[in-house]
Amino acid sequence: MSTATQDPALAAAAARSQPRRRRRTLPPMTPKLAVGLAITIVIAGFGAVGPLLVGSPSEVRNIGMTPPSAEFWLGTTQTGQDVFAQLAHATRGSLLIGLVVGILTLLLSSFFGVVGAFAGGWTDEAFSLFTNVMLVIPGLPLVIVISSYVTEKSVWMVAVVLAITSWAGSARVLRGFTLSVRNRDYVLASRVSGESSWRILTVEILPNLVPLLASQVVFAVIFAILGEAGLSFLGLGATGSFTWGTMLYYAQNGLALRLGAWWWFVPPGLMLAVFGAALALINFAIDSIINPKLRDGTREQRKRWRMTKEQLRESEEEVV
Amino acid sequence: MTTLELRDVVKEYRLRSGFRHSVLRAVDDVSFTLEPGRTTALVGQSGSGKSTVAKLLLRLERPTSGRILLDGRDLPRRGAAGHAYRGIVQMVFQDPFASLNPYHTVAHHLARPVTLHHPELGRTAVLDRIHELLARVRLDPVEEFAARRPHELSGGQRQRVAIARALAPGPGILIADEPVSMLDVSIRLGVLNLLAELQRQEHLGVLYITHDLATARHFSDEILVMYRGSVVERGPADDVILDPQHEYTKLLRAAAPDPERRLRELAGP
Ligand SMILES: Nc1ncnc2c1ncn2[C@@H]1O[C@H](COP(=O)(O)OP(=O)(O)OP(=O)(O)O)[C@@H](O)[C@H]1O
Ligand SMILES: [Mg+2]
């Protein structure tokens with residue numbers, strides 16, 4: 001575009017439109033979002049880099065159950081394994097499961113939810129029937145059954161099982177929203193312009209679904225990491241690899257609690273809780289884009305408008 | 001030169017409630033022709049089937065029976081002719097707040113129909129066309145409006161963008177479904193005058209769907225009155241308004257304020 005550089009008005013308009021675009025697609029940077037993102041990045045970084053820096057997590061030594069020291073930052077297990085090294089590998093394992101489940105949920109739920117609702121007719125009927133069937137299949141028992149049948153389970157296997165039992169809820173949410181967007185006038189208008197169905201779906205509808213998709217994926221990741229921890233704690237998790245859940249399982253088996261070896265079970269438990277909380281914080285921020293009502297008119301916001309105490313109380317009564 | 005004809009068109013909707021279903025005749029045996037350079041108004045109460053007629057003409061719905069003819073031939077449904085039809089018959093929607101995608105810029109809304117129907121144009125040619133369209137609906141400065149998003153425009157400005165989008169492929173027929181009913185009274189006449197002016201310049205055949213008898217008389221050559229799916233009265237605009245024959249038209253006429261006064265009101269102080 002040669003005109004852009006010549007015409008100062010156009011250049012100015014272009015410059016102004018740039019930050020506008022960003023502001024609309026990304027959630028506003030609130031303290032909640034900042035904290036959530038910071039924690040997620042730190043933990044993800046630890047999971048990515050940590051395993052490269054520590055020694056073997058399974059190496060057995062003859063110094064069992066030592067509390068944290070300069071050599072072993074988080075002490076050792078009953079069999080003298082380095083808890084810090086285990087934590088690094090477990091973080092990677094758990095995040096890997098979260099990532100795989102997140103991606104699979106994204107693909108499955110947007111295929112069965114968005115494509116079905118957009119296509120309409122029999123495709124929609126079939127897809128939504130399938131989704132509903134998947135939804136009422138009780139997830140945890142199915143996972144337990146599958147897990148107890150397959151004896152050699154890799155992390156991938158566990159992730160796939162978790163994804164299969166968890167995408168249906170997201171698909172339903174997405175279907176509902178797609179149905180409402182599909183009949184909006186701007187979609188009809190682009191059909192009247194002669195856009196192909198594929199372009200209408202990807203260019204006109206999908207961008208409006210992005211916040212919802214993101215929040216569904218974040219939720220799926222939380223579910224997967226917690227679910228995997230639960231499975232592993234029951235002894236049904238991945239064999240031969242480390243996750244936060246398997247660490248807790250071995251700590252439980254090694255009577256860490258009874259022996260007061262807090263350095264063994266507190267770190268994985270804390271990681272689980274903190275990571276789950278961080279993702280939940282991110283989800284709050286995304287929610288406020290999807291549903292502006294959550295953002296406006298909160299007590300916090302009204303305080304910023306410098307309302308007096310009386311006005312605050314009044315407006316609160318109005319809302320209720 | 002494009003004429004679009006509706007011949008004995010019927011549209012029925014099947015309404016399901018549990019196991020039973022009933023049939024609703026939204027459009028009942030309607031025939032009329034849209035010709036270049038002429039404006040036809042379609043008036044009638046809410047639910048009388050006006051929007052359904054628009055949807056049938058736009059091929060958003062299929063008629064249950066009857067024919068729709070473009071220049072005397074049946075509507076092409078598929079293939080290149082089906083695609084070209086999208087460029088020939090265009091629509092301005094009622095609600096300018098719903099008819100523009102909040103995610104995209106004004107430029108995107110105009111660029112798509114241009115490139116879809118004139119794939120031979122290069123990037124700069126498309127950009128020129130966008131600016132020309134914006135200038136024609138009087139959104140100046142054009143570069144600035146092109147870069148904006150719908151939520152940064154007023155209702156009237158949005159409707160002008162919607163009109164520009166409808167004109168983008170260079171249509172022969174324009175369907176305007178209550179194009180000003182969602183706008184503030186003070187800007188309605190401006191938008192209608194703009195539509196009328198564009199119609200003269202492009203020699204468009206226009207179907208103007210409205211509730212407002214006064215503007216129907218002022219802006220159109222012919223008026224069709226719809227009542228429960230069928231056309232109960234038709235004729236030159238002045239005749240229908242000044243000398244209504246059908247009961248329903250008389251009722252409508254009596255309910256509407258004096259057309260002349262109403263137009264003066266719209267024109268503002
Ligand atoms: N998709 C549909 N399925 C079932 N019935 C429909 C459908 N679309 C419209 N109808 C019915 O067809 C009738 C005509 O509707 P239409 O939208 O054409 O009315 P209208 O004249 O445009 O009214 P308004 O002036 O309020 O816009 C209504 O009774 C409506 O309920
Ligand atoms: Mg209507």
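Positions of Cβ are set from backbone N, Cα and C atoms, glycine also.
It is A:95-120, from the ranges A:95-120, A:199-224, that TrEMBL records as transmembrane segment.
Contacts between the transmembrane segment (A:262-286) and the transmembrane segment (A:33-55): present, as 3 or more C-beta pairs lie under 8 angstroms, all at sequence separation of six or more. Taking every recorded stretch in A:33-55, A:95-120, A:154-174 and counting its Cβ pairs under 8 Å to the transmembrane segment (A:126-147), the highest total belongs to A:154-174.
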